[in-house]
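The next block holds one structure in the form of structure tokens; read it before the comments.
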Ligand code: C5P
């Protein structure tokens with residue numbers, strides 16, 4: 001029995017990563033949160049490629065992309081993102097990274113650079129990958145594709161609570177504005193925009209709990 005390849009895309013804070021994590025555990029799949037990779041590159045850009053006014057120098061970033069080594073390590077059943085050997089799992093969730101990540105993710109050089117990492121994981125099969133362009137660009141032949149959406153009110157609430165849990169200081173308004181802005185940039189960019197693949201199953205989980213969403217999605221997945 002072959003293990004499935006599952007692509008999950010959707011708007012920010014629809015629960016893609018936490019849902020993928022649970023489905024991965026249930027089905028014995030590898031989970032890759034591709035948003036974390038874009039956040040990792042953004043963190044590097046802020047740290048290493050910004051001028052004195054904290055403006056990111058894109059040309060410098062492109063020249064230095066080959067110095068970015070991103071790796072997920074499993075620690076206590078959690079996949080932790082390391083940048084050149086340093087745990088950056090908390091740093092990639094800061095407001096500064098969230099505010100810049102969609103600009104960085106809209107760059108062709110960055111997307112090309114991360115494509116290799118993503119595809120090489122999926123080559124072995126048995127993977128669930130979540131992001132914005134997984135079903136459309138990264139894994140167009142995935143066995144199952146889902147596209148998650150939810151109301152902006154619900155998504156704001158969820159992300160705000162998540163950040164609070166991480167002790168990251170923010171306000172509901174700041175979270176809301178960031179989600180709206182990222183969704184707009186992600187949907188309107190020229191390369192690999194956020195959109196539902198024609199063969200993806202649409203899941204609006206505005207009034208569903210995480211468990212209900214997972215069970216609903218699992219109802220579509222059969223052994224392959
Ligand atoms: O999933 P998360 O919200 O952490 O993603 C952060 C950002 O990374 C998104 O807003 C988007 O700009 C970018 N991204 C992307 N393509 C993916 C995954 C994430 O462009 N496959």
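Backbone N, Cα and C atoms are what each Cβ position is placed from, and that goes for glycine too.
If you look up TrEMBL, you'll see 6-221 marked as domain 'Cytidylate kinase'.
Taking a C-beta cut-off of under 8 Å and a sequence gap of six or more, residue 12 (ATP binding site) has these contacts in its own chain: 155, 159, 178, 179, 182, 183, 186. Residues or ranges marked as ATP binding site by TrEMBL: 10, 11, 12, 13, 14, 15, 16, 17, 18.
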Going through the binding-site residues 10, 12, 14, 18 in sequence order, which have a CB under 6 Å from an atom of ligand 1?
12
Hey, for the ATP site built from 10, 11, 12, 13, 14, 15, 16, 17, 18, who else sits with CB inside 8 A of the CB center?
19, 130, 148, 150, 155
